[in-house]
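First comes the structure, then the notes that go with it.
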Amino acid sequence: LNKLAIPNANVCGWMSVRDYKRQGCNLDLDDNIRVPFYVKDLPETLHEKIWQTVEAHKADAGFGRICSSSACKIAYTLQTDIHSIPRTVKILDALLEQERTKQAHFRSMTSQSCSSSNFSLSSITSAIRSKYAKDHTEENIGVLQMAKAQLLEFKNLNIDPSYPELVRNFGALECVHHQTKEGVSKALRLKGHWNKQLVTRDATLMLGVLGGGAWMIFSYLRDSFKEEVVHQGFNRRQRQKLKFRQARDNRMAREVYGDDSTMEDYFGSAYSKKGKSKGRTRGMGTKTRKFVNMYGYDPTDYNFVRFVDPLTGHTLDENPLMDINLVQEHFSQVRNDYLGDDKITMQHIMSNPGIVAYYIKDATQKALKVDLTPHNPLRVCDKTATIAGFPEREFELRQTGQPVLVEPNAIPQINEEGDEEVGHESKSLFRGLRDYNPIASSICHLTNASGTRQSEIYGLGFGGLIVTNQHLFKRNDGELTIRSHHGEFVVKDTKTLKLLPCKGRDIIIIRLPKDFPPFPRRLQFRTPTAEDRVCLIGSNFQTKSVSSTMSETSATYPVDNSHFWKHWISTKDGHCGLPIVSTRDGSILGLHSLANSTNTQNFYAAFPDNFETTYLANQDNDNWIKQWRYNPDEVCWGSLQLKRDVPQSPFTICKLLTDLDGEFVYNQAKTTHWLRDKLEGNLKAVGACPGQLVTKHVVKGKCTLFETYLLTHPEEREFFQPLMGAYQKSALNKDAYVKDLMKYSKSIVVGAVDCEQFERAVDVVISMLISKGFSECSYVTDPEEIFSALNMKAAVGALYSGKKRDYFKDTSELEKEEFVRASCKRLFMGKKGVWNGSLKAELRPKEKVEANKTRSFTAAPIDTLLGGKVCVDDFNNQFYSLNLHCPWSVGMTKFRGGWDKLLRALPDGWIYCDADGSQFDSSLSPYLINAVLNIRLAFMEEWDIGEQMLSNLYTEIVYTPIATPDGTIVKKFKGNNSGQPSTVVDNTLMVILAMTYSLLKLGYHPDTHECICRYFVNGDDLVLAVHPAYESIYDELQHHFSQLGLNYTFTTKTENKEDLWFMSHKGIMCEGMYIPKLEPERIVSILEWDRSSEPIHRLEAICASMVEAWGYKELLREIRKFYSWVLEQAPYNALSKDGKAPYIAETALKKLYTDTEASETEIERYLEAFYSNLTDEDESNVVVHQADEKEDDEEEVDAGRPLVTTTQQPIVTTTTQQTPITSTTLQATQAMFNPIFTPATTEPTTRTVPHTTTTTPPSFGVIGNEDTAPNASNAVVRTGRDRDVDAGSIGTFTVPRLKAMTSKLSLPKVKGKAIMNLNHLAFYSPAQVDLSNTRAPQSCFQTWYEGVRRDYDVTDDEMSIILNGLMVWCIENGTSPNINGMWVMMDGETQVEYPIKPLLDHAKPTFRQIMAHFSNVAEAYIEKRNYEKAYMPRYGIQRNLTDYSLARYAFDFYEMTSTTPVRAREAHIQMKAAALRNAQNRLFGLDGNVGTQEEDTERHTAGDVNRNMHNLLGMRGV
C-alpha cells in the first residue's frame, strides 16, 4: 500500500453522517464520521473503516502543520543560514538518486524468470529474493519529491521567515534542521534503510559464534593428534597375505625394459623410441613367424563373435574374420566419448586397456571367451625365453592367455552403441571460468583523422580484416591510425582501403593492406538470443602498456523492427565497436553501437546469421594473407604468457619475472623507472625483472704510452695531432639508451607498399638464389656443431648470470644434447625467451658521442639461441659461401685480394654510389621480416616441426620481450634484433629485396637487372653501380625504399671506385690492386685509446693498427717508429727478450693484402744490405757469426724503424723455436697456415735468421719510408748512425766490435788458392728438406703425379681431391712398399675404392719418399683433427703411443727437420725402430729355373719330433 494515497487535504470538505441524516439518508453510523460520497450499494461498515483509516494515518498522508516551537526554530534557522534550503534540496537529490538505484536493482531482479530455458541456482535465488523482498522505493521517492517540491515552493514564494505562522503550513521545512542524509531520512520516515544498531548486534553475535566454533574445531584436532594408534600389519595373517600377493605377482607377465641404446644394441633399431617405422632387428628381436591376433583355435568354427568393453559395457557383434583394427577403432571412439562425458577416467583405461571377445556358434552351446589386450613387443613370452617382438604392431589388440569355454548364460547381453539412454537430471550450476583474452587481444583502437575532425572507435581484428561500426567513416578522406596488440600502424590514405558494409546494420568490414600483419582467426560469431547473458570486452590502450578489461553481465533484448539489441552495461563515448560477448559459449554477438540520450540504455549492432562464413572466412580473404608465414597466435602475448613461458629444466634461471604492479610490499625508497616512464607508441611494458645499466666501459681510457711518446717526440706529435680526437668512448648513460630504444616506438606505415610487386620481388630473389647454386638447407640438430659455433665469452641471457663459458663448463655431451632439445621444444611451442638489452661499449665518432647517440644491443637468451641456430645455421653457412658470387659480401675476407674482387665486380665506367642508411634495424617492418622467413622456408628441408620452429623464431624476433636496464620488460612490434643468430644475413636479404622491388617498380624486367645495375650488400651497407644510360635510377630509389620503411639516401654518386665507402672502408689502388682502408683517424684511435688488460694485448693492438695502416705509407712508418719505441720501455722490453712481442714484417702485410709472394730479388737486396759492409781483406777467410756486431761507422738496417737503434726486429716466423746459431737457413716452401702475429726479439747481441715455413720471405728493409719507390716498398734506405744516441758508447770510451767474418778460417785450397766462393756461400741458404734424401726430388714427384693422374684418368681438380684422401689413408695405413689391393676414400657415408698399383708403379725412389712431400700438410691435418676431438693415427696406436701431444708425428712418412722437438724426434725414431724390428728384406726371390731334384739323405726315427727336427731325450739336435 502507498501511504501517499491516504486523503488528507480535502477531508474537511466531506459531509458528516449527521448532515446525511438531515438529507434523508439513514446511516447506522456515528454522527461524527465523515463520508466522502454516499452510494447505497456500499455497506456502511466500509464507510466506517475508511474514516477510521483516514483518522488513524492522517499523519502519514503529508507533512502536516509544524508545531509552534518547531516553527520558531525553523524561522531562526532560515534567518541565520541562507544556505539551509539549497543544502537540504541537495541532500534530497542524493537520497532520490539512491532510491532510484535501488528501484532499478529491484526491477532487474524481478525481470529474471525461473523458466526451463533459464533454470539455474542464480535464477532460483533471484526468484526467491524477488518474492520476499519488499520494494519501498516508489513510496520513498514520492515522499522525497513532495518534500523537495514544498521546499522549492517556499523558496519561490519569498515568504518572510521572521513570521513563524507563515512557516507552519510548510511541513517539509522540518528537514532544514538536519545536515546529513541519515537525519533527513529519519525525519521523513523513509522505509527500507539499514538499522545499523541491529546489524552491529547481529555481526557481534556471529563473530562470537564463529570464534567459539573455531575453538571447538581446534580442541577436536588437538585431542585427535594426541590419540595413540598402533600398527596391525605385522602379524601372521598380514604376512600370509603378502606372500599370496607375491605369488599372484609372480604369475603376471614380465616386460623387458631399457634405454634406447640398450634396446637397439640387443634387439635392433626398430625397438627404439624413434617411432614405429620398420627398422633393423637383431637377436631375439628378429621374428620368423607371421604376426597373428588370435591363436589356439579356428575362428571359422564359429558363426559370429561378440566383442565386449568391460569399462563401458558396450558390445559389438561382428564376423569372426573381422579386421581387429576396425574393432579397436570402434571401442576407442566409445571410450573417448565416455571420457568427454566424465563417465570414466584415464586411470580406468590404463588399468584395463583391453576388451573381451566371445566366439559363439549358437545360443545352446558354450562360447569361447578370449581376452584381447594391446600388444607389447617387449613382453617376455610365457613358454619361451624370448620377447614377443613385432614392434611395428605395438598397441594392436591381440589375444592374451588361453581361451576359456563359458556357459551361454555367461555371455553378456547385446548393448550396441546408439541404444536409447535415459540420464538423471543434474543441478545447474554457475558457468565456470572462461578465458576472454583471445577476444581482448584481437581488439583494435581506430582513429580516423579527416581534416580537423577526429573519430575514435574500436574494432575487432580477424585475419586480414577489421570489423567495426560504419559510422567511423562518416568522412573518408584522412589518415587511419590502428592501435592493436600487434603494434601501432598508420594508413596514410583511407581511400585506399577496401570497405564492405553489412547491409542494414551498423557494421563494416575493413580489408587491411597486405603488409599489415594478420590477426588470429580463432573468434566465433553468432546471432544473439533472448536467453543470452552478455558482457562487454575491451582493451585499455595506454601509452606505456595494454591491458584487458571486462564488464559485468547483463540481460539482452531485441529492439523492435531493427537489427539492434539493447543491454544495460555502462559505457562511455568512444566505446563504440567493442564486442558484446555471450557468457554462455564465448561467442561474439555484436558490436556496441548506440546509447540513448539519458545513458540509461545502450544498443549494439547484432551480427547476422552465417556472418563468419559469408563475410570473413571466404577464399578471397584467405588468399589475401597467405604470404604471411609467421605465427599470428603467438603475437598477442602479454605478462601472463611471459610468466608462463619462464624457462624450465635443464635451463636454470636466477632472476624472476613479475607483473608491472605486482609489488604489494616495498621499501619506502624512491624507485625511478626512468625508461618505463618514457615508453610510447610501439613499445609497451609487459613485465619486470631485476636489471641495471652497465656503465663500465671496455675502453679504459687514453693510452699513456702514446701520450708519453707524443710528449717526447715533437715531430711525431705534429703528425698524429690532426688525426686524433675524431673517435671517443661511447656514452653509457640512461638518456643514450632511451634515445636508441625509442627508435622502435615509431608507428608502422602500411598500405604504401605495392604488395603485388613485392611478392614478385620475393620470387625473383628466390629464383636468383637457385640460379646461383643455393641448394636445400637442413636443420642442424648436432649439439657439437651448435655449441662449437657459440660465442662462449658472451652472456647467457637476461634471466641468467655469467658467461656461456662458465654456464656450460662441466656439461657433458648428453647434457648438451638435452639443452638443444629443450630449446627446440620451447621454440616449437611458441614460448618466448626474455632478450637482454644493453648499450655497446665501443669507440664512436665524436659527433655521435656529443649527440649522446650510442648503439644498443639486444642479445638472445640461451633458451632461444640454441633452437634458433638449429633453424638458421645451415642456411647462413651456405649464404656465406656464395659471397661475391651473389650480390652480397657477407662471409668474404677483405684481405688476400678480396676487396679487389669486390670493386672489380662493379663494371668500369658506370656511375657508382655508396648508399647511406640510417636507423636500419628499428625501421624494418614485420612485412619485410616475414619475406625473409618465406625465403628461408623455400630452401629448408621438409620437416613440419622445423617449419613451426622457424616461424615461431621470426615471430619472436619481431615481437620481442626485451629486459631493459631499468627493470622493465618491454615488448616491441617492429624491427630486427642485433643479437639474433642471423642478423647480418637477414638484413642483407632485406636490402636485396628492397633493391629488387625498386627495380621492378621502375619497370625493369628481372633478366635485365644485372645489365643496368650491379650492387653488393653487407647488412645495411649498400654499394651500387648503374649504367650511365640509366643514371636516373638513383633519383627514384630513395622513394621506393621509403615505401618499405627504409631510410636511405643515394646522393653520393661518383665515377671513381676509390671514392666508394663500404662497411667503413674505401678501396685505394696499391700495386695494381684495390686494398681496403679505414679512415686514418680510425686507425689512430687504436693507438689513442687503450682497452687492453695485459701488456701483450697492447702490443697486439699496435700491430693491428699496422695491419690496417698498410697502404698509408707515412702513417705506417710512424706507427712502426712508435712500436719500436714501445719495445724499449718496461715491461715491453722484457716481453721482447722472451720472444713474446708480436711483430709484422712488410712482406707479411703485402702477402696478407695482395696474396703475392715476395720475390727473390727483394730477399737478395736485403741480404746485400746485410753483408754490404764487409772489407776486402776478408775476401776468402770469412765465417758467419750471429753476434751482429758492427763498427761505429757501419749502417744498421732495421725493419722496425728508419732510424738506427740497438733494437733489432727479425722477420716473421711461424714457429716459436729459433734455429741453432751455427745454421743460417731460409726455407721457401709454402705452409698450410700463414699467421700474422709472431714472436720477435730485441736482444742487441744476437741476430738470427729464423727457420721460416711461411710463404712470406724475410724482410730487412725500412717499411713505409717516404723515400722508397712505389713499386719496391722493401728497398733498403741507408741511414747514418746517430752517434749521440749510440747504445754502444759509454762516455768517451768506445766498446770494441767484432767483425762479422774473421780471416782465420782454414779453407780447402788447390794450388794454394781457395776453391770456395764465400760470397756465394754467404747467400746460399737452401731449405733443409730440399736437400734431404728422405724426400723424392721434385722431378720424380712430378713424374709420379702425372703417371697416377693418367692411370686414374682424372683432371687436376679431381686429382687434388684424390690426393687429400690418399694422404689421410697413408696416415692411417702407412706407406709400406708391400701393400697391395685397393685403398679407399670416404664420400659422405660411401666408400670409394682406388687401386694401389699405380701409386707404387710410378713411385721413384720409394713411395715413402714420394709421400714425404705431404709431411707438413699431414702434420697440420692431425693437429686439426685433435683440435676437434682426441685423435691418434693408427701408426701411433700400434706403437702404443699414449701422449696425444705427439700424435702429429705418428705417421711413417714424417720428415724430421732441425725444428723438430727433441722429444718428438726420439718418439718418432722409437716408433720406426719398433715397426722395422724383425723385418726381412730378400734381395733375391725364388729362382724358378733352378732344378730341385736331389736325393734326401736325412734319416729319422720314431723318437724324432718331426721330419725337420731330431730329438735326443727331449733335446734338440743339430
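Glycine residues also receive a Cβ, built from the backbone N, Cα and C atoms like all the rest.
For reference, Swiss-Prot has these:
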MOTIF     273-280  motif 'Nuclear localization signal'
ACT_SITE  H471  active site, for nuclear inclusion protein A activity
ACT_SITE  D506  active site, for nuclear inclusion protein A activity
ACT_SITE  C576  active site, for nuclear inclusion protein A activity
REGION    1239-1272  region 'Disordered'
COMPBIAS  1239-1258  compositional bias 'Low complexity'
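Annotated features taken from Swiss-Prot, shown on the structure.
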residue	record	DSSP class
H471	active site, for nuclear inclusion protein A activity	helix
D506	active site, for nuclear inclusion protein A activity	coil
C576	active site, for nuclear inclusion protein A activity	coil
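Annotated pair D506 (active site, for nuclear inclusion protein A activity) and H471 (active site, for nuclear inclusion protein A activity), C-alpha to C-alpha distance, rounded: 7 Å. Counting only same-chain residues six or more apart in sequence, the Cβ atoms lying under 8 angstroms from the Cβ of H471 (active site, for nuclear inclusion protein A activity) belong to S455, I457, D506, C576, S593. Counting every protein chain shown, the Cβ of C576 (active site, for nuclear inclusion protein A activity) has 24 other Cβ atoms within 10 Å. In this view, D506 (active site, for nuclear inclusion protein A activity) is surrounded by 24 other Cβ atoms within 10 Å of its Cβ, with every protein chain counted. The average pLDDT for the motif 'Nuclear localization signal' (273-280) in the predicted structure is 50.
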